[in-house]
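These features come from Swiss-Prot:
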BINDING   Tyr71, Asp115, Tyr215, Gln219, Asp222, Gln241  L-tyrosine binding site
BINDING   Asp75, Ile268, Lys278  ATP binding site
MOTIF     76-85  motif ''HIGH' region'
MOTIF     275-279  motif ''KMSKS' region'
MOD_RES   Lys349  N6-acetyllysine
MOD_RES   Lys361  N6-acetyllysine
Amino acid sequence: MAAPMLRHLCRVPQSGVWTRGPRAVRPGARGMLVAPRARGLFKEFFPESGTKTELPELFDRRRAGSPQTVYCGFDPTGDSLHVGHLLTLLGLFHFQRAGHNVIALVGGSTALLGDPSGRTKEREALSAECVRANARALQRGLETLAANHARLFADGRPWGTFTVLDNAAWFQKQHLMDFLATVGGHFRMGTLLSRLSVQSRLKSPEGMSLAEFFYQVLQAYDFYYLFRHYGCRVQLGGSDQLGNIMSGYEFIHKLTGEDVFGITVPLITSTTGAKLGKSAGNAVWLNREKTSPFELYQFFIRQQDDSVERYLKLFTFLPLPEIDHIMQLHVKEPEKRIAQKRLAAEVTKLVHGQEGLDSAKRCTQALYHSSIEALEVMSDQELKELFKEASFSELVLDPGTSVIDTCRKANAIPDGPRGYRMITEGGVSINHRQVTNPESVLVIGQHILKNGLSLLKIGKRNFYIIKWLQL
């Protein structure tokens, strides 16, 4: 007996794949797709022609009459989204802003297999418990980003809905033999083997496991399930997902005779050409506990001049004329990094909210501009995020506590004459102010900030954070 989720499978249509040639599309129908493509956000459309309804016509509300549904998948192979996920999320948000409904699909089941796309070797296997925990974390992250988007980037237009789902909701109800009997028969081995992601792995020394090979079948079924239950006709994914998207298209078309579509976004790579993802070990996370707002902000501040215009178009909702104006100002005074600062501000606000952006700016002022004012209003959390390697101490401020007393209690200098000389020779600063008299008594408001903290620096790189008690 077929599993519950498979009972609605349709018969394979006799007509086969559509073979119509491309035809003219009504003026204005391409608008929804033209704007993101002009920004460089949409890279490839599949299929581009030969379908009953052309992809641009789906998004022509005058013709379609109702909003479309678009989805993108996020496998919980880690416990946080990272900057490599941002482009597909921005793609979903652009559809939502145009009034269409979007689904962020967490792969609580597919992550157990591991997507081989774009990988040179098999992923490290994760336990079911780990995947479930990661899936919950990704769902929270997606909901936070969607909430920030709605709260801080509203433009007055009626938006579509943003829904987060987990494919474990339907795959956990499946039975292996039923699934293979009812779904497996609609996939041809030759077609699956022809995918570039499969070919590259089969030619590699490590080869490819059956679990990885089967991944594209499960992703195709995701697309089918969302098509049947949510009316979803468009899948969004990274450019390395095109093969999986094609499998979904072929599966749905065989079963229903209907056309669905895929849109890819470009992959963002590091300066060495490696994909910016956690697998490469260079991830910038979208979770504050893993990458602070300050670190995210600085990641975009550090982008090169030859990349910043492209990133403004990809990672922000700023109108293209405004981006042109920003770049004109930037070219006149590149040393001010006007474009990078605007890019960093827009992304940090989307990921961490206005509070996170304010925190990133405070940390920037405190670290790079030696701002006492910024230090005074920083929270314990911000100080720990900014000075991750710093030792954190809680000390009682006794009457007459001196500079050398403080340094020794914090274990910041060696005992004896050597530690004394480190102070007299200018190697110690408190709150960005050099101190050279070891016997100087600490002064509240100078050595101890309004927030009850002191930032002690020994040499050029060693920081110590002191929280004073009983002030």
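Just so it is clear, glycine is given a Cβ too, placed from its N, Cα and C backbone atoms.
Recorded features from Swiss-Prot, shown on the structure.
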{"residue": "Tyr71", "record": "L-tyrosine binding site", "DSSP class": "strand"}
{"residue": "Tyr215", "record": "L-tyrosine binding site", "DSSP class": "helix"}
{"residue": "Asp222", "record": "L-tyrosine binding site", "DSSP class": "helix"}
{"residue": "Gln241", "record": "L-tyrosine binding site", "DSSP class": "helix"}
{"residue": "Ile268", "record": "ATP binding site", "DSSP class": "coil"}
{"residue": "Lys349", "record": "N6-acetyllysine", "DSSP class": "helix"}
{"residue": "Lys361", "record": "N6-acetyllysine", "DSSP class": "helix"}
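Sorting the motif ''HIGH' region' (76-85) by DSSP state (H, G, I as helix; E, B as strand; all else coil) yields 3 helix, 1 strand, 6 coil. Between the alpha carbons (Cα) of Gln219 (L-tyrosine binding site) and Lys349 (N6-acetyllysine) lies a span of roughly 32 Å. Closest to Asp222 (L-tyrosine binding site) by Cα-Cα distance, out of the recorded positions Asp75, Ile268, Lys349, Lys361, is Asp75. Distance noted between the C-alpha atoms of Asp75 (ATP binding site) and Lys361 (N6-acetyllysine) is 32 Å. Each residue contributes its Cα atom, and for Tyr215 (L-tyrosine binding site) and Ile268 (ATP binding site) these two points are 23 Å apart. A sphere of 10 angstroms centred on the C-beta of Lys349 (N6-acetyllysine) encloses 22 other C-beta atoms.
The shortest Cα-Cα distance between Ile268 (ATP binding site) and any of the recorded positions Tyr71, Gln241, Lys349, Lys361 is the one to Gln241. Over the motif ''KMSKS' region' (275-279) the predicted model carries a mean pLDDT of 56.
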